[in-house]
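S.K.: As annotated by TrEMBL, active site, 4-aspartylphosphate intermediate applies to Asp320. The annotation ATP binding site is assigned in TrEMBL to Asp357, Glu361, Phe388, Ser389, Ala390, Arg391, Thr392, Arg393, Met394, Ser395, Lys406. Sequence annotations record features per position, and here TrEMBL assigns Mg(2+) binding site to Asp533, Asp537. Annotation source TrEMBL lists domain 'P-type ATPase A' at 121-219. Among the features that TrEMBL reports, region 'Disordered' is placed at 1-31. Summarising the annotation, TrEMBL assigns transmembrane segment to 54-72, 78-97, 232-253, 265-289, 599-617, 632-651, 671-694.
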Amino acid sequence: MSTVTPPRTSRDAATTEGPRPGSRAGGGPFGPGQLLRALPAALRKLDPRVMVKSPVMFVVLAGSVVTTGLALADPTDWFGWAVAAWLWLTTLFANLAEAVAEGRGKAQAEALRGARTGVVARRLAGGREEHVPGTGLRVGDLVVCEAGDVVPGDGDVVEGVASVDESAITGESAPVIRESGGDRSAVTGGTRVLSDRIVVRITTGPGETFLDRMIGLVEGAARHKTPNETALNILLASLTLIFLLAVVTLKPFAVHAGADGETSVIVLTALLVCLIPTTIGALLPAIGIAGMDRLVRRNVVAGSGRAVEAAGDVSTLLLDKTGTITLGDRRAVALRAVRGVAEDELARAARLSSLADETPEGRSVVALTEERYGLGGQAPSGARWVAFSARTRMSGVDLDGLRVRKGATASVVAWVEESGGPVAGDARALADRIAEAGGTPLLVAVEDARGRRVLGVVHLKDVVKEGMRERFAELRRMGIRTVMITGDNPLTARAVAEEAGVDDFLAEATPEEKLALIRREQANGQLVAMTGDGTNDAPALAQADVGVAMNTGTSAAKEAGNMVDLDSDPTKLIEIVATGKQLLITRGALTTFSLANDVAKYFAIIPALFAAAYPSLDRLNIMGLTSPESAILSAVIFNALIIVALVPLALRGVRYRPAGADRMLRRNLGVYGLGGLVAPFLGIKLIDLLLSLLPGIG
Ligand SMILES: Nc1ncnc2c1ncn2[C@@H]1O[C@H](COP(=O)(O)OP(=O)(O)OP(=O)(O)O)[C@@H](O)[C@H]1O
Ligand SMILES: [K+]
Ligand SMILES: [Mg+2]
């Protein structure tokens with residue numbers, strides 16, 4: 001046992017002001033200050049072991065070393081020095097782009113670390129409480145948290161109800177309720193209990209908590225190349241190789257053109273760097289990091305860049321109903337007895353079946369029978385409790401020959417009919433009336449000496465979250481079909497689906513059916529996103545291409561999905577999809593721009609280079625650059641500066657509007673393809689003019 005002396009409670013650490021992810025520091029507009037701050041990190045990235053991960057930039061680094069060597073061999077050659085200097089700058093600018101993208105999360109990571117350090121846990125061991133550091137907790141440990149305590153680790157509430165301030169993680173200052181038994185049982189390390197007392201079972205080991213993952217994410221430390229990025233890198237590497245061979249075969253011509261050995265190697269290296277796709281090679285990591293960063297600023301924590309990219313192509317969104325589309329605070333509001341049964345008898349049975357039911361629904365039944373029917377008393381001993389499960393959709397108790405069940409209409413009807421018992425004629429009508437209004441009916445039935453029979457219905461009420469309808473309409477405009485899946489009955493499902501405005505719904509779905517539905521959609525070639533909060537959603541969240549767990553949900557759901565929405569907003573997928581699309585579009589646009597650029601540079605340099613040796617090439621020399629050296633140098637300078645010029649676009653992303661994919665593609669090809677062709681001509685000419693003003697050139 002590692003006891004901390006003097007015992008300090010987690011209260012001491014609670015003073016740390018949490019960051020507000022929604023208004024993140026460092027995520028503001030891009031400025032020169034950011035470049036300066038990122039410089040040390042950019043210099044560190046010059047390490048060849050780091051550089052080799054980007055084949056294009058590695059070639060530039062090699063080029064910088066070679067030209068520097070040649071310049072050293074002939075120190076009076078100003079051209080060699082100039083080329084070498086600009087190649088080093090090209091390499092540095094590429095690293096700077098990545099470092100700036102990473103730097104934007106640093107401040108936030110620091111703030112998040114503050115929520116983690118110094119927290120002391122009150123661990124339960126053999127009925128006693130001991131104080132251990134939060135970092136010393138292991139999976140399965142039980143800890144107590146009372147008003148004022150910082151929750152020392154991720155876990156599930158196994159006892160009690162408490163209001164919790166989660167602003168350190170979510171930035172949202174309104175307290176949330178966390179309670180045992182339901183879909184709102186998960187607590188996150190670093191959040192603070194505001195009232196009451198809960199016992200938490202720790203579910204994640206040290207170093208793997210949600211807070212740790214978030215810190216790794218905003219720092220970019222947890223970043224891996226996505227399959228798309230890898231594919232693009234392979235393409236860029238192949239192009240680089242092709243140009244390398246092409247340039248090497250130019251060597252005899254360069255010698256013929258009058259350049260001597262050393263100069264020709266410098267010229268050819270410069271030419272190579274201008275021709276290979278350095279722009280996209282330099283900006284590729286920054287684009288990916290910035291995409292993740294944009295999501296974090298929308299309060300979505302994504303586990304992988306791959307999921308963000310998949311989100312850009314999602315065509316179907318499946319949503320769980322309770323806790324996702326509705327607030328999930330499903331409470332018993334009324335009891336309706338069937339004809340011939342007294343409401344009190346129904347109330348007693350409903351209460352008995354719920355005394356050990358730790359779900360919010362169960363506890364709300366107990367509360368209702370106390371408030372409305374004045375019932376009291378603890379759970380009797382000797383009872384066999386039947387816990388609720390999403391598969392049986394029932395809960396209840398067996399006690400001295402008396403059996404009580406409550407649950408979904410179909411399940412309880414089946415239970416009664418199984419024994420040949422009659423289902424009172426008005427039971428279904430009572431249930432349907434509740435369901436048609438969007439409520440959830442729970443049938444209550446008993447089995448005693450007279451056999452099994454239905455006593456009545458509990459009306460569970462839930463509220464559809466605000467603004468759903470407009471947001472689902474927006475998803476429709478993005479071309480995404482929304483399907484609500486719920487374990488609830490078809491009538492309730494229809495009513496809620498209509499109120500929320502989803503395209504379709506699937507009712508009475510078991511976890512297996514949720515899973516099967518996703519597999520079916522995927523088999524049809526759809527990319528599926530799933531949004532859910534419950535443990536019974538976990539398999540579906542894991543199977544979906546994009547699984548977004550509500551932060552209010554269970555740890556199982558959060559583990560299974562590949563994103564967590566800190567705002568628990570089921571329509572957050574709009575932003576997630578937009579971010580994903582923006583990431584894909586930005587990468588596509590800058591790749592187009594980069595390749596078009598290289599083509600233009602080719603035509604700008606080659607004629608200037610060889611015009612002397614091959615006068616017929618002079619007709620191609622439309623740019624009329626001052627001299628071959630100036631042409632080469634201008635191209636190299638342009639090639640370096642364009643990287644810095646495009647950093648803001650790489651970080652901000654190309655604007656995405658919900659429009660047809662074809663139109664977007666055509667527009668971007670036009671803008672970035674044509675722009676990429678024209679820009680070098682203008683830029684190189686301008687730089688050439690400026691260079692010609694320098695003494696000694698021209
Ligand atoms: N504590 C409970 N005891 C008995 N029956 C319950 C209890 N809670 C829920 N039910 C019944 O079981 C059904 C299925 O519940 P489940 O939690 O699997 O799905 P849901 O939460 O209604 O829907 P969703 O999948 O959208 O979250 C409910 O619609 C309700 O009829
Ligand atoms: K280039
Ligand atoms: Mg649920």
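From the backbone N, Cα and C atoms, a Cβ is placed for every residue, glycine too.
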S.K.: State, in range form, which of 78-97, 232-253, 265-289 has the highest count of Cβ pairs under 8 Å to the transmembrane segment (54-72).
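M.R.: Looking at each of 78-97, 232-253, 265-289 in turn, the most contacts to the transmembrane segment (54-72) are made by 265-289.
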S.K.: Could you measure between Met394 (ATP binding site) and Asp537 (Mg(2+) binding site) for me? Cα positions, answer in whole angstrom.
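M.R.: Spelling it out, the Cα of Met394 (ATP binding site) and the Cα of Asp537 (Mg(2+) binding site) are 18 Å apart.
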S.K.: Which recorded positions from the set Asp320, Asp357, Phe388, Ala390, Lys406, Asp537 come near ligand 1, judged by a Cβ under 6 Å from any of its atoms?
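M.R.: The ones that qualify, in sequence order, are Asp320, Asp357, Phe388, Ala390, Lys406.
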S.K.: Going by Cα-Cα distance, which of the recorded positions (Asp320, Asp533, Asp537) sits nearest to Thr392 (ATP binding site)?
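M.R.: Considering only the listed recorded positions, the nearest one is Asp537.
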S.K.: Across all chains shown, how many C-beta atoms besides its own are within 10 angstroms of the C-beta of Phe388 (ATP binding site)?
M.R.: 20
S.K.: Can you see whether DSSP assigns Asp537 (Mg(2+) binding site) to helix, strand or coil?
M.R.: helix
S.K.: Can you tell me which parts of the same chain pack against the transmembrane segment (78-97), counting only residues 6+ beyond its ends and a CB-CB cutoff under 8 A?
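M.R.: Distant contacts of the transmembrane segment (78-97): 35, 38-39, 41-43, 45-46, 51, 54, 57, 60-61, 63-64, 67-68, 70-71, 262-263, 266, 269-270, 273, 278, 281-283, 285-286, 629, 632-633, 636-637, 639-640, 643-644, 647, 650, 696.
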S.K.: Can you tell me how the residues of the domain 'P-type ATPase A' (121-219) break down into helix, strand and coil by DSSP?
M.R.: 17 helix, 43 strand, 39 coil
S.K.: If you count the C-beta atoms lying within 10 Å of each candidate's C-beta, which of the recorded positions Asp320, Asp357, Ala390 ends up with the smallest number?
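M.R.: The recorded positions Asp320, Asp357, Ala390 were compared, and Ala390 has the fewest Cβ atoms within 10 Å.
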S.K.: Quick check for you: of the binding-site residues Asp357, Phe388, Lys406, which have their Cα within 10 Å of the Cα of Asp533 (Mg(2+) binding site)?
M.R.: none
S.K.: Nearest to Asp320 (active site, 4-aspartylphosphate intermediate) by Cα distance: which of the binding-site residues Asp357, Ala390, Lys406 is it?
M.R.: Ala390
S.K.: Below 8 Å Cβ to Cβ and six or more residues apart, same chain only. Which residues does that give for Lys406 (ATP binding site)?
M.R.: Ala350, Ser353, Ser354, Val365, Met394, Ser395, Gly396, Val412, Leu442, Leu443, Val444, Ala445, Val458
S.K.: What's the number of neighbouring CB atoms sitting within 10 A of the CB on Asp533 (Mg(2+) binding site)?
M.R.: 31
S.K.: Reduce the DSSP letter at the residue listed as 'active site, 4-aspartylphosphate intermediate' to three states and note it down.
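M.R.: Where the residue listed as 'active site, 4-aspartylphosphate intermediate' sits, the three-state DSSP reduction gives strand.
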S.K.: Find the average pLDDT over the domain 'P-type ATPase A' (121-219) in the predicted model and report it.
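M.R.: Overall, the domain 'P-type ATPase A' (121-219) comes to a mean pLDDT of 88.
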